[in-house]
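*Asks:* One structure coming up, written as structure tokens, with questions to follow.
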Amino acid sequence: MKVFSTVLLAIVACCAVAEAKTFGKCELAKALANNGIAKASLPDWVCLVQNESAFSTSATNKNKNGSTDYGIFQINNKYWCDSGYGSNDCKIACKNLLNDDITDDIKCAKLIHKRHGFNAWYGWKNHCNGKKLPNVSSCF
């Protein structure tokens, strides 16, 4: 039984890793553009993601206030996604922000941006605002 449990755990771990993805700069820029993000703002979005999650869909971060940030955009569970903790304004389970399909992540990030602009993200405020942004023009 112990061997079976170990094998099962290994299979589950492989599957969980298979769902996670680290995007490249251009791959992310194209995904954002294909989901309605204006090309003029792509450098800001790419910079945000680079500094929030290092382009990883599986990124999580526990905050001092007890909340958690999820996924490539580091979307917080106190307001935006459902983990049994907060208001879930994006109407999405936080765990769905950790897979390699970022369509729903982008939809939620657009809502956050609509309400608060890029200032909703400390990664953008601290590393992108007023600074040299990534060039994504060669991606298209």
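Residue numbers in this text run from 1 along the chain shown.
Glycine is no exception: its Cβ is also placed from the backbone N, Cα and C atoms.
Because the structure is a prediction, the values reported are computed rather than measured.
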*Asks:* If you follow Swiss-Prot, the disulfide involving Cys94 connects it to which of the following: Cys81, Cys90?
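*Replies:* When Swiss-Prot is consulted, Cys94 turns out to be bridged to Cys81.
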*Asks:* Candidates are Cys128, Cys139. Which one does Swiss-Prot pair with Cys47 through a disulfide bond?
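*Replies:* Here Swiss-Prot pairs Cys47 with Cys128 via a disulfide bond.
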*Asks:* Could you pull the disulfide partner of Cys139 out of Cys15, Cys26, Cys90, going by Swiss-Prot?
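*Replies:* Swiss-Prot lists the disulfide between Cys139 and Cys26.
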*Asks:* Among the disulfide-bonded residues Cys47, Cys81, Cys90, Cys108, Cys128, which residue has the largest number of other Cβ atoms within 10 Å of its own Cβ?
*Replies:* Cys81
*Asks:* For a quick check of understanding: among the disulfide-bonded residues Cys26, Cys94, Cys139, which residue's Cβ has the most other Cβ atoms within 10 Å?
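*Replies:* Most Cβ neighbours within 10 Å: Cys94.
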